[in-house]
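Novice: Quick one: the structure is below, questions incoming.
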Amino acid sequence: MAVQMEYEKDVKVPALDGKKIAVIGYGSQGHAHSQNLRDTGHDVIIGVRPGKSFDKAKEDGFDTYTVAEATKLADVIMILAPDEIQQELYEAEIAPNLEAGNAVGFAHGFNIHFEFIKVPADVDVFMCAPKGPGHLVRRTFEEGFGVPALYAVYQDATGNAKDIAMDWCKGIGAARVGLLETTYKEETEEDLFGEQAVLCGGLTALIETGFEVLTEAGYAPELAYFEVLHEMKLIVDLIYEGGFKKMRQSISNTAEFGDYVSGPRVITEQVKENMKAVLADIQNGKFANDFVNDYKAGRPKLTAYREEAANLEIEKVGAELRKAMPFVGQNDDDAFKIYN
């Protein structure tokens, strides 16, 4: 089904005007949503547990409260804490302080779609999901445009949930560049699949396997790193700017011919079947339950996965090479320490 892009002109109702807005969490998305909304004239407070984020929110000029206090004061509550802690945060501090007619929002449908969080029937549930990390949501807003966003309504108790979702998207700058309406089911399942099969899981596995093939064949690890990882950004930037067409117009004929000949040998029908199995585990809730259960057990699996990944040869080689390439960005130890 085709969807239609919507813009600021399509946001007809200033549904957030006169509302007290509580942003729960002041991490990557939390700092961006709250600052952008404040800059567009909205009344924003922060709800966060004591710690660095609490101190940072106060430093940035926000009235900052506990999560329970902020919920009690607000008409619209946007939950931007990490997925894995939202359920306990909601049950302990948000749910007891909700009132009929409130609206609760999310930037990802995980906890609502998989029913880890159940909001009372007399409360609106909406979504505004920017398609980019928080630092880009903030930076592009300050530059006069924004990051596109998806919006959705899960529960419309007041009849105003869609207007609230769209006005929220407008308030953070997303409607300047485009909004797409979706559902909680669609956003959640597609987002998880994209992360697991392509953007994160699929991509890192492809890079690591390519690195292993080259080094096991006797090629220098440093050269293998450049061929399978360092140059990835150059190719992805071209695809981002103009699709496969621009990428193929920009590479050599040799590379383009190899693309057509060898790509299908790597991503075979069996790989497609494996991707379908990944999607099935997302759709039936297996992945969600595995993730939440691991968190509740103290994250033994996630910790083990992180330790294993940190010890990959490609990571060690890359860390050394990047020391000689300051042009690639921040130092590894400082990268993305944004509003933690």
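Placement of Cβ uses the backbone N, Cα and C atoms for every residue, glycine included.
From Swiss-Prot, here are the annotated features:
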type: DOMAIN; residues: 3-182; note: domain 'KARI N-terminal Rossmann'
type: BINDING; residues: Tyr26, Gly27, Ser28, Gln29, Arg49, Ser53, Asp83, Glu84, Ile85, Gln86, Gly134; note: NADP(+) binding site
type: ACT_SITE; residues: His108; note: active site
type: DOMAIN; residues: 183-328; note: domain 'KARI C-terminal knotted'
type: BINDING; residues: Asp191, Glu195; note: Mg(2+) 1 binding site
type: BINDING; residues: Asp191, Glu227, Glu231; note: Mg(2+) 2 binding site
type: BINDING; residues: Ser252; note: substrate binding site
Novice: What is the number of residues in the domain 'KARI C-terminal knotted' (183-328) that are helix, strand and coil, as DSSP sees it?
Specialist: 126 helix, 0 strand, 20 coil
Novice: With an 8 Å cut-off on Cβ-Cβ distance and a minimum sequence separation of at least 6, pull the same-chain contacts of Glu195 (Mg(2+) 1 binding site), or say none.
Specialist: Gly201
Novice: Taking just the CA atoms, what is the gap between Ile85 (NADP(+) binding site) and the residue listed as 'active site' in Å?
Specialist: 13
Novice: Just name the winner among Arg49, His108 (the recorded positions) by count of other CB atoms within 10 A of its CB.
Specialist: His108
Novice: Check the Cα distances from Asp191 (Mg(2+) 1 binding site) to each of the recorded positions Ser28, Arg49, His108, Gly134, Glu227, Ser252 and keep only the ones within 10 Å.
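Specialist: The recorded positions close to Asp191 (Mg(2+) 1 binding site) (Cα within 10 Å), listed in sequence order, are His108.
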Novice: If you measure every Cα to Cα distance among Tyr26, Gly27, Ser28, Gln29, Arg49, Ser53, Asp83, Glu84, Ile85, Gln86, Gly134, the residues said to bind NADP(+), what is the biggest one in Å?
Specialist: 19
Novice: Out of the recorded positions His108, Glu227, Glu231, Ser252, give me the one sitting nearest to Arg49 (NADP(+) binding site) by CA distance.
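Specialist: So, spelling it out, the nearest of the recorded positions is His108.
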Novice: List which of the recorded positions His108, Glu231, Ser252 have their Cα within 10 Å of the Cα of Asp83 (NADP(+) binding site), in sequence order.
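Specialist: Near Asp83 (NADP(+) binding site) by Cα: His108.
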Novice: Sort the binding-site residues Glu227, Glu231, Ser252 by C-alpha distance from Gly134 (NADP(+) binding site) and give me just the closest.
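Specialist: Going through Glu227, Glu231, Ser252 one by one, the Cα closest to that of Gly134 (NADP(+) binding site) is Glu231.
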Novice: Select the most exposed residue of Asp83, Glu231, where exposure means the fewest other Cβ atoms within 10 Å, treating these as the binding-site residues.
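Specialist: Counting other Cβ atoms within 10 Å of each of the binding-site residues Asp83, Glu231 gives the minimum at Glu231.
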Novice: List the residues of the same chain that sit at least 6 positions away from Glu227 (Mg(2+) 2 binding site) in sequence and have their Cβ under 8 Å from its Cβ, in sequence order, or write 'none'.
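Specialist: Correct list: Gly210, Leu214.
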Novice: Given the binding-site residues Ser28, Ser252, which one's Cβ is surrounded by the fewest other Cβ atoms within 10 Å?
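Specialist: Among the binding-site residues Ser28, Ser252, the sparsest Cβ neighbourhood within 10 Å belongs to Ser252.
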